[in-house]
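Record features (TrEMBL):
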- 8-17: compositional bias 'Basic and acidic residues' (COMPBIAS)
- 37-145: domain 'DNA ligase D 3'-phosphoesterase' (DOMAIN)
- 1-30: region 'Disordered' (REGION)
Amino acid sequence: MPASPLEEYNRKRDFNKTAEPSGAKSPPSANPVFVVQKHLASHLHYDFRLEIDGVLKSWAVPKGPSASPKEKRLAVATEDHPMQYASFEGVIPAGEYGAGKVIVWDRGTFQNLKDGKTLEESYSTGHLVINLQGEKLKGGYSLLRTKMGWLMVKMEDEFARPLSDILNEQPASVISGKLVEEI
């Protein structure tokens, strides 16, 4: 077990070369945040991050999040990221871990919907049920750990859009308004 939840994150990066933020664990906030970053690296994917216990728990979602409850999306757990990463947009230089372009595709706050369990407990047991209040993603989502990784699924609610292709309908950054290719 690493001494710090961000040990792996810091070890993988040369902060003299990358503009990514270094960081330490932050105090938990009253309104936890989430962020979805569109990452054009060796393969285009989306990084889904949830504030849990002062860090951003992170998953790479190859096909990106969906607004349709009919679509289960693979979410591969990655190393924890510092809270400062929630606003990172830019280019990770060639030769660095995760080299490529990054935009903040969506961001907002979220609530834990699991009665009687903290976010930390839900993460540890492998089943998070959350309500997102983002600029693009809204409503209930479930993250379930399986033998193959995690699954991210939109829950049936007033924000479900079964026929939506939200990734292509709204491709730009919520911070800069740019497409990932324009970074």
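Counting begins at 1 with the first residue displayed.
Heads up, the Cβ atoms here are built off N, Cα and C, so glycines get one too.
Note: the compositional bias 'Basic and acidic residues' (8-17) comprises 4 helix, 0 strand, 6 coil (DSSP; helix = H, G, I, strand = E, B). For the domain 'DNA ligase D 3'-phosphoesterase' (37-145), DSSP puts the residue distribution at 12 helix, 62 strand, 35 coil.
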